[in-house]
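Scroll down for the structure; my scribbles are underneath it.
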Amino acid sequence: MFLPHLEASSALAVLSLVALVVYPAAVMRLRRTGVSWPWWRTLSWLAGTASLFAVTGTWLNGYSMVLFSVHMSQHMILSLITPLLLLIAAPVTLALRTLPRGRGAAGVPRALLLNGLHSRLARFLAHPLFSIPLFLASLYGVYFTPLFDALMSSPAAHQLMLAHFVVTGILFFGPIVAQDPWPRTLSHPGRMLELFLPVPFHAFFGVAIMMAGSLVVDAFAQPPAGWDIDPLRDQGEAGGIVWAFGELPTVLVLAVVFFSWASSDERRGRALDRAADRTGDAELAEYNARLRALAYLNR
């Protein structure tokens, strides 16, 4: 199932291969300048691009066109696993550190990236009032409307749907993971709140698919002859996959947020210590002066 299988419409698979090469090349360029880059970020990027290729550039992609359970596994990986792994790799930060600066043509890519991050469109797309409904619409708006069957009607439309899953995952998890500069920033409690807001809706969707007494979509109503597949039972397995997939990404993101929170507190503490060293610990000196003054008055 995971043997490579590329088609004319396998745009995401080709993109994953390009990303697999570009990121390590950028890391090597950064290291040549004497600046290190965390190995675990590179590993996360490699895992993210590998997960993208595994579900779009192998025979699994073909099976996802005929089996609801395989398609839903593909959907969950593209919207929950792949975006998380790519975001943890902090590709925007890496790009800002390696792209040439300046006013000439060489500096245009970096300038465009910075302008995009600070644009009104980026702030709108990154707003929770947009990203969370969009994330949930990838479930309810796709599968409970005729849209899904329309998107499954051609390989190109299918690729567009898969790309949508990845993008919505990035928009949702981006400000929560917060490993890169983001148009909107959240406090650590706010990040956890935004993470948990869609969880019940995600779980309810999985249960609704799992418990449905009739087929939700028509695309998988007629599995290949000889496979002995019950479409309704396969649909129930698809719902179970949705329900089960919600836990792993949540735990992973919580770990990232808590680690980031602890690291920020530690950095703040070190900054205060350095400030105290620079000023000679003015507060302590003032406190000692008050004690000496009191001792003098009590003589």
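The backbone N, Cα and C atoms fix where each Cβ goes, and this holds for glycine too.
Since we're looking at a predicted model, the values are computed, not measured.
Taken from TrEMBL, the feature transmembrane segment covers 12-30 (among others).
Tertiary proximity for the transmembrane segment (42-60) is limited to same-chain residues at least six positions away from its ends with a CB under 8 Å from its CB atoms, namely 1-6, 10, 12-17, 19-20, 23-24, 27, 70, 73-74, 77-78, 81-86, 88-89, 91, 159, 162, 166. Per TrEMBL, the feature transmembrane segment maps to 42-60 (among others).
Annotation source TrEMBL lists transmembrane segment at 80-100 (among others).
Among the features that TrEMBL reports, transmembrane segment is placed at 121-144 (among others). Residues 75, 79, 151, 161, 164-165, 168-169, 171-172, 174-175, 182-184, 194, 197-198, 201-202, 205, 209, 216-217, 242 of the same chain sit 6 or more residues outside the transmembrane segment (121-144) yet have a Cβ under 8 Å from a Cβ within it.
The transmembrane segment annotation in TrEMBL covers 156-178 (among others). Tertiary neighbourhood of the transmembrane segment (156-178): same-chain residues 9-12, 52, 56, 65, 74-75, 78-80, 82-84, 86-88, 125-126, 128, 130-132, 134-135, 138, 142, 148, 150, 184-186, 191, 194-195, 198, 253, 256-257, 260, selected by CB-CB distance under 8 Å and a gap of 6+ residues from either end.
Proximity of distant same-chain residues to the transmembrane segment (199-221), defined by a Cβ-Cβ separation under 8 Å and at least 6 residues beyond the stretch ends, is recorded for 65-68, 71-72, 136, 139-140, 143-144, 148-149, 152, 231-232, 234-236, 238-244, 246, 250. As annotated by TrEMBL, transmembrane segment applies to 199-221 (among others).
Residues or ranges marked as transmembrane segment in TrEMBL: 241-262 (among others).
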